[in-house]
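Feature annotation from TrEMBL assigns transmembrane segment to 20-41, 357-385, 422-444, 456-478, 498-531, 543-564, 598-620.
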Amino acid sequence: MGLLSDPVRRRALARLVLRLNAPLCVLSYVAGIAWFLALVFPPLTQRTYMSENAMGSTMVEEQFAGGDRARAFARDFAAHRKKSGALPVAWLERTMRSVGLEVYTQSFSRKLPFPDETHERYMVSGTNVYGILRAPRAASTESLVLTVPCGSDSTNSQAVGLLLALAAHFRGQIYWAKDIIFLVTEHDLLGTEAWLEAYHDVNVTGMQSSPLQGRAGAIQAAVALELSSDVVTSLDVAVEGLNGQLPNLDLLNLFQTFCQKGGLLCTLQGKLQPQDWTSLDGPLQGLQTLLLMVLRQASGRPHGSHGLFLRYRVEALTLRGINSFRQYKYDLVAVGKALEGMFRKLNHLLERLHQSFFLYLLPALSRFVSIGLYMPAAGFLLLVLGLKALELWMQLHEAEVGLEEPGGAPGPSVPLPPSQGVGLASLVAPLLISQAMGLALYVLPVLGQHVATQHFPVAEAEAVVLTLLAIYAAGLALPHNTHRVVSTQAPDRGWMALKLVALIYLALQLGCIALTNFSLGFLLATTMVPAAALAKPHGPRTLYAALLVLTSPAATLLGSLFLWRELQEAPLSLAEGWQLFLAALAQGVLEHHTYGALLFPLLSLGLYPCWLLFWNVLFWK
């Protein structure tokens, strides 16, 4: 306390901080990037382990042998779907009843805010079919779900066949202590969301659906299955859910354990697991997988039907059968045995999965990085904003108080004239105008789509995207003139005060985002922090402006798309990247209004206005 209360020592500390601020900022930023890259190296990356005692052993004997029956079901399903042109509801009801399930249907409809050109749909209506296998050894208080999504572009017939064959096999067993729901949804995620909302008796997306006639117990876990062939070479697991949510790590460990037991090849992000972590090749391969997970989690999209279950506190995974040119092939029996083993172990649970991690990163299926080890990477990046804010505060404080002459007698401080002070009122106009631009970016594209289509030869989806780009670009011209309406005679301290507020605003936003979705927070901090720290109206303004534009939220999204395809070994040309960028903008807005994805409102209402404040600072006159 003496250091802060003594004016001489406080000023000495202020000079030290001001002199070392730039080296400390550079060191902190480099430390954050280096810490993230080091996450793929032991001991920061640890071996996965089972925390739940009820699932600690795989000593169950899988007896599923219905491969031929599954293929027969798949052929019949594909034939009836091709004949009807939609989900064969009557055939599914009849088949599920024949294997001994309680069968129910649910109709739903949803009008999208604008046409979805990716799936070519606007007014969506469909029917979900589900059958319930009641537990013979317990009351219907808990349940498990095996779901197969059927979209318009993929029939997923092999997965439906395997689901029905597993239902027939499970019906003959007497050890079930939980109800098992076999769910087939139409229109992939839309059908899944309609069923989940009706099951939990909520309506969070405006879905119109009929109430469920049959229910089971509280859902403890769910597995979504997607198969494109009768044989698979590997099973790829998807864990990223809506808004970056992840399932309990024990569920992923359970999947990997039964894949190893059955000799199934399992992949993550489409990548094989590194075998040797002692050499450099293993960590480098793990870094590719880790970056792919970061990019997918940062998008906030549910990468499979399981992603919507996570919103309702249901641990879930999506398993995708991949049929490539690898040497080893597995039939539906091997996949069915792995699913049977997983459901038998989940049947032993006495409480919800909670003992393992919910916040983690995965460089491989057998390795994970816990929250306590990856959060310092984001902390170092956010420290840069704190150091720059501290520097600006000290400069403003010294300019307001003034330094005493060395050797002079201390006397009462002379108050500064009001014209030299920087009041909070001078910051109201830039803040309000920047937030208004963000609000317009969030509201106007969807509301004004019909006006745009009447005056311009564009479709609704194109109108939404073009309005987004137009408002985004208009923000570059408007906010840097906001200070002209402010009456002040201290222009230097005006931009310093505005940048101080902007730095604190950005640090709070990125900190809160990193706590809930580390991948998104880290990705935005990596790009936005350097430009935010360097922004000032003096020096090479053109260079600073180019850096701000290249690190804006839109440019970050565009660069992430190129990086994602590069890591998938399918690089994009500039034209392909731009088209993918426009499609990603439309999908981001659509998923926010359809499923409640938060990436679009976070960028439009939070980070874009904050970025405009730094643009305002750069062009301060």
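Just so it is clear, glycine is given a Cβ too, placed from its N, Cα and C backbone atoms.
When each of 20-41, 357-385, 422-444, 456-478 is scored by its Cβ pairs under 8 Å to the transmembrane segment (498-531), the top-ranked stretch turns out to be 357-385. With a cut-off of 8 Å on Cβ pairs spaced 6 or more residues apart, the transmembrane segment (456-478) and the transmembrane segment (598-620) reach 3 or more such pairs and are scored as touching.
When Cβ-Cβ distances under 8 Å to the transmembrane segment (422-444) are tallied for each of 20-41, 357-385, 543-564, 598-620, the top count falls to 598-620. The largest share of C-beta pairs under 8 angstroms with the transmembrane segment (598-620) comes from 543-564, of the ranges 20-41, 357-385, 543-564. Counting only same-chain residues 6+ beyond the ends of the transmembrane segment (543-564), those with a CB under 8 A from a CB of the stretch are 291-292, 295-296, 298, 472, 523-524, 527-528, 530-531, 534-536, 571-572, 577-578, 580-581, 584-585, 603, 607-608, 611, 614-615, 618.
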